[in-house]
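Taken from Swiss-Prot as is:
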- Gly9, Leu10, Ser11, Gly12, Ala13, Gly14, Lys15, Thr16: ATP binding site (BINDING)
- Asp58, Val59, Arg60, Ser61: GTP binding site (BINDING)
Amino acid sequence: MKRIVVVSGLSGAGKTTAMGFLEDLGYFCVDNVPGNILEELLKLFMSSDLEKMAMAIDVRSEHLGDPISAVERIKEKTNTLVIFLEASTEELLRRYALTRRRHPLQKDGIGLEDAIEKERKILSRIKEIADVVIDTTSMNTHQLRETLTHFLVNQSGGTSVRIMSFGFKHGIPMDADFVFDARFLPNPHYVPELSSKTGLDSKVEAYFKNYPVVEEFIEKIYEVLKVAIEEYQRTGRRIVTVGIGCTGGKHRSVYIAHRLKEMLEKEGFTVIEKHRDIEKV
């Protein structure tokens, strides 16, 4: 079966990295595709002997046609995965300061921050129809490639679940569909022999086993997610991102995220586990 990937997102969020990775995987890649030739390009691809194609759409694609409507029509006809990349404004400002590149909307006296927010609004429609939204704020190139690999492997069908532990003091993940707050639970950070360990450690696990409220909370989250995931599968949603947060993202959220992964995998769901802030102080 022919496979099509559409990559879009904010300038500076990683589209170039994503397209380079897709090219390495053998995809025929076309960058900055104007909206008025998307469907014509699809026809050429479908009649060719190529098996995989990736198309990048950014804010400049709107100048020639409506790329979003074209992508919606393509999704109805083909096995297409739409990936949207974003990052926090603060991180995008930092990246632009490092590269000293000019934002595509930064003209007529408009500042960089205003250009970023304008682009966010313009691309909000394509974010809404994306199968996968990836927040690259805390990712390096390797982590982005690893995340893309997971979604591409599972492109053939079904709903994948991405469970991410995080620390509220480091910010809530922008791409989370669900966020659960574990800060009310007992905290092993205040136990001297457990403070330096993580929620993946057997001694921390034993600590949580002493508190029935922890398991009760996990069971409640599991029940909610099971209903939601099954409904997402029915409607064709490709990915659900679940954020589990505690104060620092090292103990409670990590333990709960890992337990939920184990429980959901037993039900046959495809799950990717990520601990965003586990190495942070």
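Yeah, the Cβs are placed from backbone N, Cα and C, and that goes for glycine too.
What Swiss-Prot annotates, mapped onto the structure for a quick look.
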{"residue": "Gly9", "record": "ATP binding site", "contacts (Cβ under 8 Å, 6+ apart)": "Lys15, Asp58, Ile83, Phe84, Leu85, Glu86, Leu123, Lys127, Ile134"}
{"residue": "Ser11", "record": "ATP binding site", "contacts (Cβ under 8 Å, 6+ apart)": "Asp58, Val59, Leu92, His103, Pro104, Leu105, Ile116, Glu119"}
{"residue": "Gly12", "record": "ATP binding site", "contacts (Cβ under 8 Å, 6+ apart)": "Ala87, Leu92, Arg95, Tyr96, Thr99, Arg101, His103"}
{"residue": "Ala13", "record": "ATP binding site", "contacts (Cβ under 8 Å, 6+ apart)": "Leu85, Glu86, Ala87, Leu92, Thr136"}
{"residue": "Gly14", "record": "ATP binding site", "contacts (Cβ under 8 Å, 6+ apart)": "Leu85, Ala87, Ile134, Thr136, Met139, Thr141, Leu144"}
{"residue": "Thr16", "record": "ATP binding site", "contacts (Cβ under 8 Å, 6+ apart)": "none"}
{"residue": "Arg60", "record": "GTP binding site", "contacts (Cβ under 8 Å, 6+ apart)": "Asn32, Pro104"}
Neighbourhood of Leu10 (ATP binding site), C-beta criterion under 8 angstroms, separation at least six: Leu85, Glu86, Ala87, Leu92, Ile116, Glu119, Arg120, Leu123
Assigned element (helix, strand, coil) containing Leu10 (ATP binding site), judged by DSSP: coil
Residues close to ATP site centre defined by Gly9, Leu10, Ser11, Gly12, Ala13, Gly14, Lys15, Thr16, Cβ within 8 Å: Asp58, Leu85, Glu86, Ala87, Thr136
Cβ atoms near Val59 (GTP binding site) (within 10 Å, other residues, all chains): 22
